[in-house]
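A.B. asks: Take a look at this one; I'll ask things after.
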Amino acid sequence: MSEPVLMDRFARKVDYLRMSVTDRCDFRCVYCMAEEMTFLPRQQILSLEEILQVAERFVALGTRKIRLTGGEPLVRAGVVGLCEKIAALPGLRELCMTTNGSQLDKLAAPLFKAGVTRLNISLDSLDPQRFRELTRTGDLHKVIAGIDAANAAGFVHTKLNCVVMHGRNDDEINDLLAFAIDRNLDVSFIEEMPLGIISEHSRAESFYSSDQVRERIAERYTLVPSTDSTQGPSRYWRLAEAPGIRIGFISPHSHNFCGTCNRVRMTVEGRLLLCLGNEHSVDLKAVLRANPGQPEKLEKAIIDAMQLKPWSHNFTHDDGVQVVRFMNMTGG
């Protein structure tokens, strides 16, 4: 008997779901949200039970990888228990989480025990003052303690996510890489995405391409092309000097990954976003709440939604905002 498969109208198999469990965050990163962010009222967001119901239906329809995101997922009460329930779903191969690392010093071990298979940890600077400026509230030492706690808990292939911005942190690329090598971490360098209206800097002026990052790395290291994949948008390389770690480049502007896109996102409000860079969406919260105890209705809504998935986003690296919602509202 063949496995169920979600397919879009371009015959792309969709087997990767990113689920936001909260729009709230203890950081206010300059590229992610406004400093005086207004968060959603509690009644507008999905309950943990509703998030689990969506995960169950997606896995039943062939999803093999789920990533929990935020906001900062670890500030939501009960998230470790949610992880345990999702990780136990028959057929799911990977349960990952993207986090800013601020809570990992106390939660890394419980997450590992709950069945989370891999962590992505955001880290854009190793300078405490600059880190504070970029996150507006963050404590670098606490994040590094969280990274070390993840290693101690048993996580492997933990990945650092670094958003590279010209004039803000591009001078730290190789220092971040050296940090990753020292702790046996993978790292992805990410081009800034034009989500939400920000005031801290001009996106046109701060744009720093993946090609520029590779050129900077080549000043100190030897990059070797790799066929590695984690089912996400990163294109991977390895280093001759440290072959055990992977270097990824997420390039929504300069080398977009739309043609092989295999993922959809769900916001904490229950909006199923078919593309990071478009507003095509389906309100799964409305389906859930109008049809309690009828999982087949939710499955049908998910299957039908695949036909709304566009071929590509329309990101450009000028100052125009293609999508008004902030990254924390989207699910990072």
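Here the Cβ of each residue, glycine as well, is placed from N, Cα and C on the backbone.
Pulled from Swiss-Prot, these are the listed features:
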type: DOMAIN; residues: 9-220; note: domain 'Radical SAM core'
type: BINDING; residues: R18, R67, T98, K159, R263, V264, R265; note: GTP binding site
type: BINDING; residues: C25, C29, C32; note: [4Fe-4S] cluster 1 binding site
type: BINDING; residues: Y31, G71, S122, M193; note: S-adenosyl-L-methionine binding site
type: BINDING; residues: C258, C261, C275; note: [4Fe-4S] cluster 2 binding site
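Are these features on the surface or tucked inside, and what are their neighbours?
C.D. replies: The Cβ neighbour count for C25 ([4Fe-4S] cluster 1 binding site), using a 10 Å radius over every protein chain in view, is 25. In the three-state DSSP scheme, C25 ([4Fe-4S] cluster 1 binding site) is classed as coil.
Mapped onto three states, the DSSP output places C275 ([4Fe-4S] cluster 2 binding site) in coil.
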A.B. asks: Which ones, of the binding-site residues C25, S122, M193, C258, C275, have a Cα no more than 10 Å from the Cα of T98 (GTP binding site)?
C.D. replies: S122
A.B. asks: Please report the distance from the Cα of R263 (GTP binding site) to the Cα of Y31 (S-adenosyl-L-methionine binding site), rounded to the nearest angstrom.
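C.D. replies: Rounded to the nearest whole number, the Cα-Cα distance is 22 Å.
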A.B. asks: Helix, strand or coil: which one is T98 (GTP binding site) in, per DSSP?
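C.D. replies: DSSP assigns T98 (GTP binding site) to strand.
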A.B. asks: Given the binding-site residues G71, S122, C258, C275, state which is nearest to R265 (GTP binding site) when distance is taken between Cα atoms.
C.D. replies: C275
A.B. asks: Out of the binding-site residues listed (C25, C32, M193, C258), which are within 10 Å of R67 (GTP binding site), Cα to Cα?
C.D. replies: none
A.B. asks: Looking at the binding-site residues V264, C275, which sits with the largest number of other Cβ atoms within 10 Å of its Cβ?
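C.D. replies: Of the binding-site residues V264, C275, the highest Cβ count within 10 Å belongs to V264.
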A.B. asks: Have a look at the binding-site residues (C29, C32, M193, C258) and report the one with the fewest Cβ neighbours inside 10 Å.
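C.D. replies: Counting other Cβ atoms within 10 Å of each of the binding-site residues C29, C32, M193, C258 gives the minimum at C258.
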